[in-house]
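Visitor: Encoded as structure tokens, here's the structure I'll be asking about.
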Amino acid sequence: MLLYTILGLLIHLVFFASIFDIYFTSPLVHGMTPQFTPLPPPAKRLVLFVADGLRADKLYELDENGNTRAPFIRNIIMHEGSWGISHTRVPTESRPGHVALIAGFYEDVSAVAKGWKENPVEFDSLINETRHTWCWGSPDILAMFAKGASGNHVFAHNYDAYSEDFGAQDATKLDTWVFDNVKEFFHAARNNQSLFSKLNEDKIVFFLHLLGIDTNGHAHRPSSREYLNNIKIVDEGLKEIVSTLKDFYGNDGKTAFIFTADHGMTDWGSHGAGHPLETCTPFVTWGAGIKYPQKVLAQKFDDTYLQEWKLENWKRQDVNQADVAPLMAALIGVPFPLNSVGTLPVDILNSTDLFKAESMFTNAVQILEQFKVKMALKKEATLPFLFTPFNSLSDSKQINILRKARSYIKQKKYDEAVSLCKELINLALKGLSYYHTYDRFFLAFNVVLGFVGWTSYASLLIIKSHCNLTRGVSKEVKKPSHLLSCSFIAVGVLLALFLLIQACPWTYYIYCLLPLPVWYAVLREFPVIQGLVTLLLTFPPSHFVGYLLLFILGVEVLVLSFFYRYMLTAGLIAFAGWPFITPLWTRAKSTSLSWIFFCLLLAVFPLMPVVGRKPNIFLVVGAGLLVLLLSLFVVTSVLKRKDSLVSEELVLHLLQMLSTVLSICVVYGTHNSLLKKQGLPLINQVVSWIILASSFVMPLLSPLILFDRLFSILVSSMSTYLLLSTGYEALFPLVLSCLMFVWIHMEQETLPQSVVFCKQKVSSIQFTYNTDITQFRDLYLDDIRRAFFLVFFLMTAFFGTGNIASINSFDLASVYCFLTVFSPYMMGALMMWKILIPFALVMCAFEAVQLTTQLSSKSLFLMVINISDIMALHFFFLIKDYGSWLDIGISISHYVIVMSMTIFLVFLNGLAQMLTTKKLKLCGRPKSHLT
């Protein structure tokens, strides 16, 4: 079992990692020449305000009284500058958003995973190109650009990381800190000649990162009084800063201002995915080089925002988030960031037509430089007869477009030059995408080949272990051919040489060579394949087709549950009817009724709103009280027993009940404290961490009797789960566990008459350390159903309380009993454990099912992995790199989730075995296990 586990884990880790080479590789290339507009810029300095987490609608809309929340910004829109929506891309997180704004490119997801505070990849940015830059705000964001810049021209002023507290009394202090420090900075500069001189140079940037709105959005939701009031405070702060700069520079008209956001936020206070509320951020710009407001009679957009915001008569100019970087570079006359893929929004510029045309030409050359480097790199790494260039932008076409654009500028045909440069930019961007995804089909083909090979091999292992299909095969046929191994070795050598010549990354060798040993192992089992085909031919075709269609339908329901949660409800209702089509209804009526009841009760959860959108602390308390009621019932039954272990069990149950009571008190107390804006009480925080730590130990103290151990695991897990709950989801593990208890009984009742003689009562079965009973009995069709049931219950555990296929479904309020100060990794780990608790409960029940049905754990586990792999392969083919960013993000996240689940299954299987078979003794006696 260990060998198969390690092999399966390695293969699935490779399959999981492949997605990052196929879809998440870094788009960055190096070696380009800096490009800048060869004309005097309209501005000497630029001020960039980024209101973290600010939604466009909350800024632009009027309140219930018809008044604006941001009078200063509204006045800018109507009298001084240009406005619109900045459209962001997934993932809508702070780091990628700021990189897009300041560096002009959309950072790949793998770079985000490598580091939050540091620069995991080298890239050029606007800040790197400036003469001097001063930044104020969060240490998480400022460190990215300060540490990534060359030279010592970036000066970062940030508050302490502990200030980012979601439970703080007033998160607006994060923004007022920035405004106060900026005002103090300019006041001090008047008495500091060196600083005063620097501030009066050209090509300088002031970057103000405002985190208060995002913090209030996470803590209180975007519709809250705190979030909306924070917008007013930011608006007032902007007015003061603009006044301070005008006063400092004598209103010289050489300052450009840009106000925008890195991402938006959902109604339930999260972000990360591609919902319009997350991708639509405000964009307001004014000052030097920016057009004044333009009144229009009508505007055509796909949305109804203009009418809702009462701005239909002021021209709206939308931009992509990456377009802001070239705009800022053009305004102050610095080179465009080398890795920028943004297109300069020339319609916003208030400058001469010559300046617009020259700036657009510079933008086109800068992006074309990236295309040339990308093409050269791919050409060098590909055999000449295999290289297929991007024909839409050949060398001759590049030269012709550039020559023609330069000619238009000389002839003062500026509009034609701008149009031609835009065409060149679009072609260059398509070419960049073409070479970036050049190897995608080749890699995908090898991954699919590995997938199919592994699934086939795992299926053959199951069949070989439990079905004697090789009896009629002669010994000569059974021996693997020497030619077979030589052929695979030859193919492997040729493939390795091919990859070596092309100077491919080392990961390519793994993806291409891994399928070879897997398929070799499959073909070595040719006698089993031959026996299987012979067996299938004896099956009535109608039965075979019927079972196949039923299996396909089951897998499709699992796949559809990723898109539509109500498919889980449909599946659970179908499960409720299972006893009626089997002898179970007549054999075990009371158990069948319990099964039907809990299936229908669990079926309600996928129909509920996603967790976090409607928090209800009273449901959490109610769930805790139900756990206490169940515990009291168990304690009563323990007291009725007369054996030597009663006292030890009683102490354990009372400790677990105490843990549950403390969880209820901490949840209720923390909720009230945060409502009063008094922060997280230290005692609550300490108790929460103690309960979490004890939840791993408590189950190991309980007896190894099947239901005693499972109940102990449930109560310990519930103590932690209550602390991580915000609403109805607190009831979910309780109902799920009840169904799991009934499932164990149901599965024992399904055992055929041939194994009834050795069937034990469930109440007397004990978990043992060595549960793998190799070849204890042959496989039945019911075993495939059991494996399917497990996968379905795992899907229910995953999606039952919310579709977490999107990053925005994570609710930070879940971890407020443990910490409120922003810590992405710690918060992520706690939320991950919340997800894993229902998983662990299902896997522990599965351990019990393996015992009661007397089947090898290896075989059942391989069947489960196979079903998961078929789903993963399904999602692999559904991955998109076209269409809306929401569709692209969801398609990739589905594959990542199902592959993660498959890998987690290996660890969860080990965790379930530890929780069910290990035994600790009280009073310091040594750890032991039953043999």
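Each residue, glycine too, has its Cβ placed from N, Cα and C.
So TrEMBL says this about it:
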| type | residues | note |
| --- | --- | --- |
| DOMAIN | 430-884 | domain 'GPI ethanolamine phosphate transferase 1 C-terminal' |
| TRANSMEM | 441-463 | transmembrane segment |
| TRANSMEM | 483-508 | transmembrane segment |
| TRANSMEM | 528-550 | transmembrane segment |
| TRANSMEM | 562-581 | transmembrane segment |
| TRANSMEM | 593-611 | transmembrane segment |
| TRANSMEM | 618-639 | transmembrane segment |
| TRANSMEM | 651-670 | transmembrane segment |
| TRANSMEM | 721-744 | transmembrane segment |
| TRANSMEM | 787-805 | transmembrane segment |
| TRANSMEM | 825-848 | transmembrane segment |
| TRANSMEM | 860-880 | transmembrane segment |
| TRANSMEM | 892-912 | transmembrane segment |
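How buried are these features, and what lies next to them?
Guide: Distant neighbours of the transmembrane segment (483-508): 17-18, 21, 380-383, 439, 443, 516-517, 519-520, 523-524; these residues of the same chain sit at least 6 beyond its ends, with a Cβ under 8 Å from one of its Cβ atoms.
Under 8 Å from some Cβ of the transmembrane segment (562-581) lie the Cβ atoms of residues 592, 595-596, 599-600, 602-604, 606-607, 746, 789, 792, 795-796, 799-800, 803, 805, 875, 894, 897-898, all in the same chain and six or more residues away from its ends.
Beyond the transmembrane segment (593-611), the same-chain residues lying 6 or more positions past its ends with a Cβ under 8 Å from any Cβ of the stretch are 268, 565-569, 572-573, 575-576, 578-579, 726-729, 732, 735-736, 738-739, 742-743, 745-746, 796, 799-803, 809, 811, 814.
Sequence-distant neighbours of the transmembrane segment (721-744) (same chain, 6+ residues past either end, Cβ-Cβ under 8 Å): 591, 594-595, 598-599, 601-602, 605, 608, 611-612, 614-617, 619-620, 622-624, 626-627, 630, 660, 663-664, 666-667, 688, 691-692, 706-707, 710, 714, 762, 789, 793, 796-797, 800-802, 811, 813-815, 817-818, 830-831, 833-834, 837-838, 841-842, 844-845, 848-849, 852.
Long-range contacts of the transmembrane segment (825-848) within the same chain: residues 116, 692, 706, 710, 713-714, 717, 720-721, 724-725, 732-733, 736-737, 740-741, 743-744, 765, 767, 771, 790, 793-794, 797-798, 800, 804, 810, 812, 814-815, 818-819, 857, 860, 904-905, 908-909, 911-913, 915-916, each at least 6 residues beyond the stretch ends and with a Cβ under 8 Å from a Cβ of the stretch.
Remote same-chain residues near the transmembrane segment (860-880) are listed as 4, 8, 15, 19, 23, 444, 447-448, 451-452, 454-455, 458-459, 461-462, 555, 558-559, 562, 783-784, 786-788, 790-791, 846, 849-850, 887-888, 891-892, 894-895, 898-899, 901-902, 905, 909 (criterion: CB distance under 8 Å, separation of at least six residues from the stretch ends).
Residues 5, 8-9, 12-13, 15-16, 19, 23-24, 562, 794, 798, 804-807, 836, 839-840, 843-844, 846-847, 861, 864-865, 868-869, 871-872, 875-876, 878-880 of the same chain lie 6 or more positions beyond the ends of the transmembrane segment (892-912) yet place their CB under 8 Å from a CB of it.
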Visitor: Please work out which recorded stretch in 528-550, 618-639, 651-670 has the most C-beta pairs separated by under 8 angstroms from the transmembrane segment (441-463)?
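Guide: It is 528-550 that shares the most Cβ pairs under 8 Å with the transmembrane segment (441-463).
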